[in-house]
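These features come from TrEMBL:
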BINDING   B:Cys175, B:Cys182, B:Cys199, B:Cys238  [4Fe-4S] cluster binding site
Amino acid sequence: MKLALGPHQYYWPRQAMMDFYADVADSPVDIVYVGESVCSRRHEMRLEDWFDVAHVLAEAGKEVVFSSLVLIESESDLKVLRKLVGQPDFRVEANDMAAVQALIRAGHKHWVAGPTLNVFNPATMDVFAEQGATRWAVPPEMAREAMDGLLAGCAVRPEVEVTAYGRLPLAYSARCFTARHFNLQKDTCEFRCLQHAEGMPLKTREGEAFLTLNGIQTQSAKVYNLLGDLPALQASGVDVLRVLPQSEHMAELLALFRRAIDGEIAPTEAFAQSQALMPEAPCNGFWHGKPGLEQYVAAA
Amino acid sequence: MTANHPIELVCPAGSLPALKTAVDAGADCVYVGFKNATNARNFTGLNFTDASMREGIRYAHDRSRKVLLALNTYPQAGNWPEWTKTIDTAADMGVDAVILADPGLMRYANRTHPALRLHLSVQGSATSYEAINFYHEHFGVQRAVLPRVLSLPQVEHVIKKTPVEIEVFGFGGLCVMVEGRCSLSAYATGESPNCNGACSPGKHVRWEQTAKGMETRLNGILIDRFSDDERAGYPTLCKGRFAVGDDTYYAIEEPTSLNTLELLPDLARAGVRAIKIEGRQRSPAYVQQVTRVWRAAIDRLKTDGDRFAVQPEWMTALNNVSEGQSHTLGAYYRPWK
């Protein structure tokens, strides 16, 4: 089982991002997803910067994948997409059907079907596999049982990647909720996301942490954590675990996942140790076919 | 205002009476769903049985109107046959098109019923011409419904770059998130628009009068609290009041309806082929009110051309049936973003 660092969801200053990925190069991950997938207005990291990061990571022995923008609105979004697809060195994760279309047209044969492509059944997996998708990033809301069903039914089994850690990306909008909070419009947002390294907590009127506002993206408040479900992930034949970036304890988390995958620490113990590294309480409901925010303790 | 094709008015029907009302009030097309999870308005007491579907299709076809079947959720391995069987049934009954979101189902429909017309659902999240052209080239999709995310110039640009007919939302409940890319309801309740055809479903809703006011909860999560002088709204989870920083406000969206009546001439000029009215979950009275106004407006546009003006009584009628009695232009108007 491989360990992947998913695409960065937040907007950080360029140097902070560079430092973050310099550390990642030394971490025990096998795959790193890079690039801006949330907001086309974010420009601290230019595409050239991402390519520099990608080359450094590749030299450190990582498989690098460029993750495409989830919400494509304009011709300039499409231009960036074409540049990603046009480069010869790295695989691309398609997070929108425009990316799929561009990859097919360019004749790519090893792309990743991203979690927002909504691949929920064998027939749809077959459509994308025939067009060159060789890895499937499971939509977070999909339960283990449905995932098993898809894998049993598709013509060619793809490499399977499950999001196993991080605040879950739950929704995308044309509207920027961070800008809205500051009574700004998106086009003149003053890049307020830069001041919120892990987004802005949204609580209910009785103080319960519910969601996280991250520009045009809405995330869970709770942190999805499948460390305790590792035996089930392995039994289902999952090939890759995806961990999403956070601002603190990233190196410890990746090391913990690595040790758990390699059997150097029991999953329950790894889950217990991860508590100190998380910014908020854990949840794993989706994997169990339940409301995402719920937490199920694996049966001993 | 010299669009090559007249704009079709596509109206919602959650029941046979609503379908007949929509047809009588001037809908060109009525869109409907069966009583199961195959469509994005899988609500208790709503939608069509086989028998009522047959009668509805007959009623519409006798009056030269079309019936479009929404089959716009994503099936999984365990329930796949229910979706394909529904496509077969729809084709046999003679619906004029099926509205799909799932590529696997599109391929099934295309191969099994090559004469069946395919529309791309808003749940397919296609926001660019490249995405729309994918569905056209691979499955012969002839019309796409745009998610409510593009500004007017962006809609116009898409239309110029695709052979696929474009349908846009004109009026009704406003999804602030990109349709098909929202798991908020699944996160809170375990039921999602993508897989279960339901957002913030009623069985998870609790209304509770407390000392602090009327509280509305979704699976126990407090979505909003209303004082005595406020009208308590349904707890759709993106339309509640939440605390961010020191402010408590409608952090995602107010309870409001989309209303693009004033943009009708621009939409026609841009080449939009159909206007969709949201609200299969609403009453026949809503369907009648909204259909009448939009029918009148589209007809007036044909005769008045550049002199088209929104009539005040149209806006009054639409505001009366709007969520929160207010309306917005949504993403068509850039500052909304």
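Placed from the backbone N, Cα and C atoms, the Cβ positions cover glycine too.
What TrEMBL annotates, mapped onto the structure for a quick look.
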residue	record	contacts (Cβ under 8 Å, 6+ apart)
B:Cys175	[4Fe-4S] cluster binding site	B:Pro147, B:Arg148, B:Cys182
B:Cys199	[4Fe-4S] cluster binding site	B:Cys182, B:Leu184, B:Ser185, B:Ser192, B:Pro193, B:Thr236, B:Leu237
B:Cys238	[4Fe-4S] cluster binding site	B:Val176, B:Met177, B:Leu184, B:Ile252, B:Glu253
Interface-adjacent binding-site residues, chosen from B:Cys175, B:Cys182, B:Cys199 when a CB lies under 8 A of chain A: B:Cys182
B:Cys182 ([4Fe-4S] cluster binding site) - helix vs strand vs coil (DSSP): strand
B:Cys175 ([4Fe-4S] cluster binding site) in three-state DSSP notation: coil
Local backbone state of B:Cys199 ([4Fe-4S] cluster binding site), from DSSP in three classes: coil
Cβ neighbours of B:Cys182 ([4Fe-4S] cluster binding site) where a neighbour is any other Cβ within 10 Å: 26
Where B:Cys238 ([4Fe-4S] cluster binding site) falls in three-state DSSP terms: helix
